[in-house]
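Chemist: Just passing along the structure, written as structure tokens.
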Amino acid sequence: MQFKPAVTALVSAVALATLLSGCKKEEAAPAAQAPQVGVVTIQPQAFTLTSELPGRTSAYRVAEVRPQVNGIILKRLFKEGSEVKEGQQLYQIDPAVYEATLANAKANLLATRSLAERYKQLIDEQAVSKQEYDDANAKRLQAEASLKSAQIDLRYTKVLAPISGRIGRSSFTEGALVSNGQTDAMATIQQLDPIYVDVTQSTAELLKLRRDLESGQLQKAGNNAASVQLVLEDGSLFKQEGRLEFSEVAVDETTGSVTLRALFPNPDHTLLPGMFVHARLKAGVNANAILAPQQGVTRDLKGAPTALVVNQENKVELRQLKASRTLGSDWLIEEGLNPGDRLITEGLQYVRPGVEVKVSDATNVKKPAGPDQANAAKADAKAE
């Protein structure tokens with residue numbers, strides 16, 4: 001019975017130690033702090049939709065120079081690659097044969113005309129029959145037609161430019177024999193001012209644009225609804241602005257695209273037929289576009305765009321987005337974000353949906369662009 005006080009003391013000591021240990025653990029566990037995130041407040045802004053489409057230049061008018069009579073070329077009267085005017089003489093074909101033919105036609109006309117006039121007097125005197133007079137008059141008419149034909153052939157020995165423009169390389173030299181109806185053109189003239197640019201656009205993009213315009217989601221771009229800018233192969237911007245001319249009704253079955261034709265002034269002949277270019281088309285204006293910084297848009301396992309926003313209770317929400325294209329460093333959002341939403345762009349790795357957070361203005365993105373800045377950046381937008 002003497003060991004009971006010792007056991008009691010030992011138990012008391014252990015209990016006291018356990019109690020003190022629990023108190024220390026409670027004191028060592030601080031309260032969890034809300035993570036800090038940087039947000040951007042979404043604001044709607046006017047945005048001109050643009051599409052950059054590949055295309056090629058083509059001459060406004062093209063004419064092949066061909067001979068209309070047979071003969072030997074005596075002279076070439078132009079410089080290859082020069083500008084020629086409509087009606088300017090380009091070649092001289094040997095006219096000797098046609099001059100002789102013309103002289104013969106004139107003589108024949110004099111003879112048949114004289115005979116017809118004599119028969120007309122004689123028929124009144126009944127010295128010749130009506131049939132003889134009719135035959136003589138018909139020969140006179142044939143002689144007049146032969147004379148006109150000879151004059152035309154002689155005129156065709158001077159080969160003239162059918163249109164104004166830049167003439168290319170001559171396929172024939174002095175001394176070469178050319179003939180009416182030959183397959184090879186003597187030269188080709190191309191009118192380069194103005195000049196066409198043929199670009200392609202998918203039918204899906206055209207249909208979407210038309211639906212948006214009909215529903216009122218997009219407004220026509222005012223007087224610039226059909227304006228087109230041109231980017232050259234070296235990346236520079238062509239200084240002249242063009243206008244949209246028409247859209248082909250037929251769809252290319254192999255590519256599923258339609259061809260748009262734009263017309264550009266080309267006074268300096270900077271653009272030449274066959275050049276590869278990109279046309280920037282101003283398709284319409286979205287007066288309340290939602291632009292989200294790319295830092296705040298991520299992809300889920302399926303590749304769909306998502307975003308995290310902070311609600312009124314300062315808790316994180318997950319949003320599924322529908323993004324159509326990029327504009328500089330922003331995404332154009334069609335669904336999933338609304339004006340006033342606070343989009344998280346900083347601290348995404350520290351939060352998840354449902355977590356309460358502390359909010360501050362993001363420092364890793366630029367402030368939303370004003371109207372002038374937005375218009376300056378529109379040229380960088382490309383359809384995905």
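Glycine too: its Cβ is placed from the backbone N, Cα and C atoms.
As the structure is a computational prediction, the values presented were derived from the model and not from experiment.
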Chemist: With the ranges 33-73, 115-155, 156-196 to choose from, which does Swiss-Prot describe as coiled coil?
Modeler: 115-155
Chemist: Taking 86-108, 224-246, 316-338, 362-384 as the choices, which stretch does Swiss-Prot tie to region 'Disordered'?
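Modeler: Among 86-108, 224-246, 316-338, 362-384, the range Swiss-Prot annotates as region 'Disordered' is 362-384.
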